[in-house]
Amino acid sequence: MRHCGGAACGTMWAVTTSAAGVAGHIAAIDQGTTSSRCIVFDASGRPVAMAQREHRQIFPAPGWVEHDAAEIWRGVQHVVGEALGLAGLAPEHLAAVGITNQRETVVAWDRRTGQPLHNAIVWQDTRTDAACRALAADSPLGADRFRAKTGLPLATYFSGSKMAWLLANVDGLRAGAEAGDVIFGTMDSWLVWNLTGGPDGGVHVTDVTNASRTQLVDLATLAWDSELLEAFGVPERALPRIVSNSEIYGTARGVLAGVRVAGSLGDQQAALFGQACYVPGQAKSTYGTGTFLLMNTGETPVPSRHGLLTTVGYQVGDTPAVYALEGSVAVTGALIQWLRDSLGLIRDVSEVEALAASVPDNGGAYIVPAFSGLFAPHWRPDARGVITGLTAYVTKAHLVRAALEATAWQTREVVDAMRADAGLELTALKVDGGMTANALLLQLLADRLPAPVVRPAVSETTALGAAYAAGLAVGFWPGLEALAAQWAADAEFEPALDDGTREREHGMWLKAVERTLGWAE
Ligand SMILES: Nc1ncnc2c1ncn2[C@@H]1O[C@H](COP(=O)(O)OP(=O)(O)O)[C@@H](O)[C@H]1O
Ligand SMILES: O=P(O)(O)OC[C@H](O)CO
């Protein structure tokens, strides 16, 4: 493996590969909350080259989070070029490209110029809290007003209220949307449209997993729903056509000229697909900025009574959609970044493991990172973060360990909800994402679930899922069985903590969670 670590290089790597004379590879673009990556995979699902570039996080007001969609598109083109260069491949060596993306984040742009008309409003952004509360207050069901239809509670997290905010607050946006000049999309739409030509004939589509997170789609029909469009005031004309996760959407121009754009899934669903969770009951948990645990529930949506989301898992071409239950946790890796960037407790996230391992426990400290309220299973926008249990004994090592434990406890809360909703007894949890490089975290997790935690050999399962979806659409891989056969474990972590300690600490965690509630006015 060749590493390129210089500042001018950004993050990238490649394994030595002979450029295939045929289209023997698939590229995946993973447009995440903090960065965009391009990874090139070979026919065995092995990553052969990766390039990554971060983009700016824009915080215009407390609780507001924005991205510059034009910056992201430039970054994506850059990493695609870099990854191909590192792999020694040209676009004609790619059988297809798949896309996966941070979900819910909304872009509005002018289809004539290709220019975004406002910064993208990011999934973590809470500016629509009052609007969501008003919609909830208008119904005896409160925040569950649209849950039966959409699988989602009313919350700032989802795209519909973000579109409504843009329509109400950006000059000319509503008139443009009604006239068909202004169009909306989540990041998948924005990238597919740009990849396939932008103002010059770009295809305006969104895949069914991303669409299911707008709160504008009926889970039963998988189509835009007129009641929901009216409630949020979004004109259907401005919305993309909903497509499956695995079909040919169009042909790329520019940096991927001639390559078929053939796969697209929201990143958490892509990880489910890349982790080969194709059988009902199989689950994965992805640890990045936030944490998202999804369990395949088969071809029928399963309603949640314990604070989980019902969502689309994936749909391959014209086969029936497969649904999932999801526990979304807003802040996990972002807490580690906060310890680094805002508190200066560490200089690099890679220091976390050794520092946390230098103490045997949390010293009594608990951190609940409710920075944007609490997501699953609480759905409490009025929660704010706490650090509790402080005494003069607590050191920065204890705090860093408590931060890792917070990730484990938040996962436990979601797993408990899944146990209650689906009668699931977790036999093992497949994990992935940037935080899973941290073996101590995975041990803390196994101890607190308690259940075995399995890390796959290919850690980039999100990108792999997008590559799989694209590859299936063009016949590069024959079917799901072949993909499942490619999955291999890298490491397994077995629970080792005694029951008494675990349950005592669980009680302390729940007490700390109580302390966060009702803080924000
Ligand atoms: N060794 C580590 N220990 C703990 N957290 C880590 C470690 N390495 C990365 N992270 C966290 O993982 C996140 C990055 O993971 P990634 O999967 O790239 O996220 P995303 O897709 O959300 O951008 C960051 O929030 C970072 O703080
Ligand atoms: O980009 P990530 O990995 O932080 O994932 C974000 C989720 O898709 C938000 O729902």
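Cβ coordinates come from backbone N, Cα and C, glycine included.
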According to TrEMBL, T33, R37, G333, G434, N438 bind ADP; which one of T286, T289, T388 is listed for that same site? T289
Per TrEMBL, which of Y157, Y287, Y314, Y323 sits in the glycerol site along with R103, E104, D267, Q268? Y157
Filtered by Cβ distance under 6 Å to ligand 1, the binding-site residues T33, Y157, T289, N438 reduce to T33, T289, N438
Check the DSSP secondary structure of Y157 (sn-glycerol 3-phosphate binding site), expressed as helix, strand or coil. coil
Given a separation of at least six residues and a C-beta threshold under 8 Å, show me what packs close to T289 (ATP binding site) in the same chain. G32, T33, T34, Q124, V331, T332, G333, A334, Q337
Which of the binding-site residues listed here (S35, R37, R103, E104, G434) have a Cα atom within 10 Å of the Cα of Q268 (glycerol binding site)? R103
Check: same-chain CB within 8 A of sn-glycerol 3-phosphate site center, minus T33, R103, E104, Y157, D267: N101, Q102, T105, V122, W123, R213, G266, Q268
